[in-house]
Amino acid sequence: MYSRVGVQSLSCAFSYVWKQQRQVLNNVSARSLQSSSNASLKEILEQKIGEMREEVAQVRHAVGNQVLGTCTVDQAYGGMRSVKAMTYETSLLDPNEGIRFRGYSIPECQKLLPGIKQGGEPLPESLLFLLLTGEIPSVQQVTALREELSSRAQLPDRVKKTLNSVSPSLHPMAQFSIGILAMQSDSVFAREYARGAPKNKWWEYCLEDSLTLIARLPQVAAIVYRNTYYQGKQLEADLKLDMSARLTKMMGFQNPEFDELMRLYLTIHADHEGGNVSAHSVRLVGSALSDPFLSFSAGMNGLAGPLHGLANQNVLTWLLQVKEKLGGQAPTKENLTKICWDTLNSGNVIPGFGHAVLRRTDPRYMCQREFALKHLPNDEIFQLVSLLYEVVPKVLSEQGKVSNPWPNVDAHSGTLLRYYGVKEMTFYTVLFGVSRALGTLSSLVWDRALGLPIERPKSVTTRWIKENLVHKAASEAK
Ligand code: CMX
């Protein structure tokens, strides 16, 4: 394993907000660095949680009664878009710059997080360490975490039995969610809570379950894959491998380049701040003190929606339809423009484009594009994706409805998976889900560490709005 630490390369221009956030992180790190360079994940977490509890108490004392965000009637009817109403520690999404994991952009993570080889992609296990602790891990720390995960990775036979009893005609995301629920009886959190565990210990049990879940998910995913597309012929887990290589091998692939793609894939899909459907579902369900298995399964049911994670499946379906419509003609800006308009005019969205928060090309799209330029520049579908990058934003802008005409992460991922042989599009969102565990479960550990209460925003009826706002506005206008 090789660490590509080069702090001097952190030269990008950060926004003011990020400089401040980094400063906070640096201060915290500086205090704990001496003890933490070889410290275990749990030791670092124990220290950081103490510090963070203090920090949150100070913030609440200083500005607890200040307004963070407001909510208009339009926002209440409109999916609460951009209402600032929650905190989420593991990542933050800037509309123009894209995601930062604990303050680090994707290119910074690619440079700083230990990978398996020099100049290669980061290990998702490295990102997990960062998301949980806020610290870039040393090679030694990642090795320890890998060993920890490997020791938890074997799926109990009863879970395999449950997965094997499910009809392969069920969508892979439904099978995946069932597999996660089938592990619920192993929840340390649920057991200890029932025994009356004190509140300040909950995060430890949540961490226990989260690590177990993250460790086992590659095998759950691989079983779903083999049951659905390979008549149930399953392959053994090689516990010496990192989670990405272990997953690809269990799926039936033997290609180190694909392993590298999987490392990148599992890293970049991990987290996208707290308000997206999957992250927020995990947070919401967990806030009722449902254990991590129940909470994560809920998140996966949300990820399975076509406006969220399922878009990666729909993108490739659409790309293949585009190819078919071209009927052997070479793609050009002109014929692709027409096909895009046909899609819109038939009442469909162009999958992989647009975003609820982002207002520029998703950096997760860009790093996948760079991977493709390096490894598959001549692939026909990649070339189609490249040309659509020039065409779709213009068409969507001309249509004039979308807030963001640029591509998101899902516009690219299926092309790469297909190139390496994963042609079964209905499986793509499962891989997204394996990755999403890293971020949402890290965040769940912090939810319990910071003692966040049950979520319960206030709702109102349209009648309430009429009585309290419409009538008031009308009488003021008289
Ligand atoms: N193609 C066509 N129309 C689109 C569009 C697209 N790619 N993106 C948005 N629109 C439309 C919306 O449907 C909406 O139309 P109506 O007013 O008729 O309902 C209008 O433009 C305004 O929507 P918006 O404010 O731009 O977008 P939202 O925040 O409401 O929704 C998203 C965001 C991602 C659901 C939407 O852009 C979309 O449906 N994209 C295609 C599906 C997709 O790629 N989803 C994956 C997102 C990433 C992820 O979560 O994994």
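Placed from the backbone N, Cα and C atoms, the Cβ positions cover glycine too.
Here is what TrEMBL records for this protein:
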- HIS308: active site (ACT_SITE)
- HIS355: active site (ACT_SITE)
- ASP410: active site (ACT_SITE)
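Features per TrEMBL, on structure.
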residue : record      : Cβ neighbours (10 Å)
HIS308  : active site : 18
HIS355  : active site : 23
ASP410  : active site : 27
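Taking the Cα atom of each, HIS355 (active site) and ASP410 (active site) are about 11 angstrom apart. Annotation note: HIS308 (active site) sits in a coil segment as assigned by DSSP.
Distance noted between the C-alpha atoms of ASP410 (active site) and HIS308 (active site) is 9 Å. The DSSP secondary structure for HIS355 (active site) is coil.
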